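What TrEMBL annotates here:
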DOMAIN    97-396  domain 'G-protein coupled receptors family 1 profile'
TRANSMEM  80-106  transmembrane segment
TRANSMEM  118-143  transmembrane segment
TRANSMEM  155-176  transmembrane segment
TRANSMEM  197-217  transmembrane segment
TRANSMEM  246-268  transmembrane segment
TRANSMEM  340-360  transmembrane segment
TRANSMEM  380-399  transmembrane segment
Amino acid sequence: MFHISAKVRPPARLPPEIYAALPTTESAPGMSTPLDLGLGGSDNSTVDDSTVVIPSKTVTNIVDTGDGNEVDLPDDHGPRVLWCSSLILVIILSVVGNGILSVVVFGNARLRRPCYFFLFNCALADFVRSVLCFPFVVSAVISRDWIYSDSLCEILAFFNVYLTYGALYTLFLISIERYVVLRFHRFHRQKLKGPACLLLVLASWALAVSMAFPPVFNTRTYSFIEVENQCTFKHREYKTNETMCFLMFFVAVIAFTHFAYFRVFLFMRAHRKMRPMQFVPAVSNNWTFYGPGSTGQAAANWFLGYRQGPTPPPLIGLAPPSNNNSTSLSKSDFEREEKFCKLSLSISISFSVLWLPYTIHCFWQVFQPANPLPHSYVSLATWMTFFQACINPILCFVVSKEFRQIALQHVFGASAFQQDGHNVQL
């Protein structure tokens, strides 16, 4: 009496000579099925002389794709080593990079602005996800199975989804903040301060809980996906498990984020467009080019440099606008906000690109559960979602000159990287 715990191929995949040697039992008139071999069965399973034992060469790695289908994995030691080493590198980069980003944001007064406060929240989500979830993925890759309890798997899956949506909502907040700071600068300067930013961050985490907590009450929704080597949300066929709303909401938030940046681009393009000055002749039916009854075009032409007529009289009662109540940004502030818009847009694009293959995989599981995608594609798509946790500090260091100089100053203590800037307090 013995048991084989490894999964084996279905009888239909056995070689013809072995399949023909299997004893059969009648299950219906005119039909026969292979006799139960007792492999991996109950405790009273026995093996006698008439039982055909499958050789060890037919034992393969068969994993569950998350929707009830099974995929054969090649027994290759090289890809597992590459997977583990690359994931350990991602963990190191994420912990070090997001840690430096947090220290730099809170250690320098020039970066204590709402945009960097939201960026710190995104870095915090990636940092916790790398420390809490990724080490168990490495353990699952090494052991080729989940060796811990199911309760721990559900907890890790909850935090995996919760932290992902927390980072997503934070990126959405950054896109809205970018549009507000350019379009409604006075409102942004007066209203969006420390308490308001904290309230928005708490609202984003509350929305993340609303997406990650309901699947806890559904049995087997959070489970270990062997082909992905992680505990996460199990996407199933839309007829048996309604996961379409879960996916569509994820895609909708990304779409609204990029739509906000599109509006930012239109606003910046409209305010940076240079139009040549044109002379427009003044027209009057009563020879009154100045004062009441005139269009004011003669005065406009005179101030633009087309001083062909007499000097316009001073406008009594009209004072020039004051800069104290100006609702527009100055040139230096506009350039600074424009640079951070490029940084935040690059972070949002990287998030969308790195999560796109995995999103396609999830939709494929919902609509085509009987035809799973290749294991190599699923592994690469899953690894790209892990790599997203360390990409934000890299983009901050490469794209933002301001952040790079301050980070080098904090890390190396070099006074040569200091520069004058605006100290904006929350």
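Even glycines carry a Cβ here, placed using N, Cα and C.
A TrEMBL annotation is a machine prediction, not a hand-curated record.
Within the chain, the transmembrane segment (80-106) has long-range Cβ neighbours (under 8 A, six or more residues past its boundaries) at 112, 116-117, 119-120, 123-124, 126-127, 129-131, 134-135, 137-138, 141-142, 144, 229, 379, 383, 386-387, 389-390, 392-394, 396-397, 403, 406-407, 410-411. Taken as a whole, the domain 'G-protein coupled receptors family 1 profile' (97-396) shows an average pLDDT of 80 in this prediction. The transmembrane segment (380-399) makes no contact with the transmembrane segment (246-268), as judged by fewer than three Cβ pairs under 8 Å among residues 6 or more apart in sequence.
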